[in-house]
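Take a look at the structure below.
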Amino acid sequence: MRANNNNTREEERSSSSKQQQPQAHMSLKIIDSCLRLSVVPLSVATIWLTVTNHESNPDYGNLDYNSIMGLKYMVGVSAISAIYALLSTISLWVTCLVSKAWLFFVPDQVLAYVMTTSVAGATEIVYLLNKGDKIVTWSEMCSSYPHYCSKLTIALGLHVFVLFFFLFLSVISAYRAFSPFDPPCDSQTNIDA
């Protein structure tokens, strides 16, 4: 009798967890889609702020997007991330592609790492523009180009948000890719059994 009650309880738990599983997957899919869609306007704004950013100074000349190579890298990474985010959002709702979790996992991981390098490079550029580097005789430029520096700082802030979104997306896609597999067995448990 007692074994029968335990079996009934286990069946109830397993049936309720099976009912909750599609709801959890749907809410995860919605969060994933929202994050991916949020990347697009932030990346486009980063590109626009960086490319249209220019300022002239009568003493030092013109400073624009083409003057600093690291900004071209940031713009390129932003463009790639915006295009990928849009395409992956569309693909997320195509049933035959959703079952292929690796199609999302690998690019999400790669873009998270590439975004990290881009943010690091852009942060260094903004730091050098603000503080300079006396050892290599690079003077700070933000006192001469204040509008340029403030616009670039805003672009960097947006780029950092995109990085955080991609880091979170890489965790979600890793969960999707690896959740079908069983956890590794504990050798201590196997010995006791």
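The backbone N, Cα and C atoms fix where each Cβ goes, glycine too.
The membrane topology recorded in Swiss-Prot keeps LYS29 and VAL106 together on one side.
For the transmembrane segment (152-172), the partner stretch with the most Cβ pairs below 8 Å, chosen from 30-50, 74-94, 110-132, is 30-50. As a whole-number mean, the pLDDT of the topological domain 'Extracellular' (133-151) in this prediction is 87. Sorting each residue of the topological domain 'Extracellular' (133-151) by its DSSP state yields 9 helix, 2 strand, 8 coil. Below 8 angstroms of C-beta separation, residues 68, 70-71, 73-74, 77-78, 80-81, 84, 138-142, 145, 148-149, 152-153, 155-156, 159-160, 162-163, 166-167, 169-170 of the same chain, each at least six residues beyond the ends of the transmembrane segment (110-132), sit close to that stretch.
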